[in-house]
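Undergrad: So Swiss-Prot has the following annotated:
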| type | residues | note |
| --- | --- | --- |
| ACT_SITE | 66 | active site, charge relay system |
| ACT_SITE | 110 | active site, charge relay system |
| ACT_SITE | 208 | active site, charge relay system |
| DISULFID | 51-67 | disulfide bond |
| DISULFID | 143-214 | disulfide bond |
| DISULFID | 175-193 | disulfide bond |
| DISULFID | 204-228 | disulfide bond |
| DOMAIN | 26-253 | domain 'Peptidase S1' |
| SIGNAL | 1-23 | signal peptide |
């Protein structure tokens, strides 16, 4: 996000990606039943979780563009619940290619495809999450966000186990208002805000790239926010609009043809 003077930080575990404090952990949530979210991916650098992601094709993961970093021996882990345990259902992949959206710049268009070097083996613990989103989510809609991010706003370490929290969609008009983000950043039509009126439920550091699911539909990706768990600074998400879905389909088309 173009977070100018209000200083926002992307939700990347262990790495501050922009100004001063844009977040990425699950605040106020709970641990999910192990392996009940089989579409979740952990993007890791040198074996350390940095961002979440979503498996949308056996060889493709969708995540946030700001999760990209040169070097660092990047891998993607599928089928995980605990990041530290040697779970037999885990599948680990080298990354063949990072493809950020061509319009990504300082947070706008914060979406990226990752092509795995080999295709995942789909089974009970590793499954796809299909794109069925529309351009609009009604204000007040309850949604779930999932990730391995921090669980306390003042502790910047990731959660070992997968967490989930229910957040509420906040209208773009309100999120851009003076009492919220005041257009720093501007919440565009390709973005959406979600949080909690009391600031008790939020995404935060380490959750970037994970899914926002509303009534069973994959609508958005975690992007960032100002710190964590602040009522008038909710999480900011990349909305999976028609523009992005068309781009995704164009990139996946050659893979589907094989």
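Every residue gets a Cβ built from N, Cα and C, even glycine.
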Undergrad: Rounded to the nearest angstrom, how far is the Cα of residue 110 (active site, charge relay system) from the Cα of residue 143 (disulfide bond)?
TA: 20
Undergrad: Taking the Cα atoms as reference points, how far is residue 110 (active site, charge relay system) from residue 66 (active site, charge relay system) in Å?
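TA: Cα to Cα, residue 110 (active site, charge relay system) and residue 66 (active site, charge relay system) are separated by 6 Å.
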Undergrad: Measuring CA to CA, name the entry from the recorded positions 51, 66, 67, 175, 228 that ends up nearest residue 214 (disulfide bond).
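TA: So, spelling it out, the nearest of the recorded positions is 175.
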Undergrad: What subset of the recorded positions 175, 193, 204, 208, 228 lies within 10 angstroms of residue 66 (active site, charge relay system) at the C-alpha level?
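TA: Cα within 10 Å of residue 66 (active site, charge relay system): 208.
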Undergrad: What is the number of other Cβ atoms found within 10 Å of the Cβ of residue 66 (active site, charge relay system)?
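TA: Total other Cβ atoms inside 10 Å, all chains included: 28.
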Undergrad: Sorry to bug you, but what's the C-alpha spacing from residue 204 (disulfide bond) to residue 193 (disulfide bond), rounded to the closest Å?
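TA: Roughly 13 Å, rounded to the nearest whole number.
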Undergrad: Quick one: Cα separation, residue 175 (disulfide bond) versus residue 67 (disulfide bond), in Å?
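TA: Cα-Cα distance, residue 175 (disulfide bond) to residue 67 (disulfide bond): 24 Å.
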Undergrad: Out of 204, 208, 228, the recorded positions in the record, which is closest to residue 67 (disulfide bond) when you go by Cα distance?
TA: 208
Undergrad: Going by Cα-Cα distance, which of the recorded positions (204, 208, 228) sits nearest to residue 51 (disulfide bond)?
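TA: Ranked by Cα distance from residue 51 (disulfide bond), first place goes to 208.
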Undergrad: For a quick check of understanding: among the disulfide-bonded residues 67, 175, which residue's Cβ has the most other Cβ atoms within 10 Å?
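TA: Of 67, 175, the one with the most crowded Cβ is 67.
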Undergrad: For residue 66 (active site, charge relay system), what is the secondary structure state per DSSP, taken as helix, strand or coil?
TA: helix
Undergrad: Highest Cβ count within 10 Å among the disulfide-bonded residues 51, 204, 214, 228: which residue is it?
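TA: Checking each of 51, 204, 214, 228, the winner is 51.
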Undergrad: Test of understanding: give the count of other CB atoms lying within 10 angstroms of the CB of residue 110 (active site, charge relay system).
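TA: Excluding its own Cβ, residue 110 (active site, charge relay system) sees 29 Cβ atoms within 10 Å.
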Undergrad: According to DSSP, collapsed to three classes, what secondary structure does residue 51 (disulfide bond) have?
TA: strand
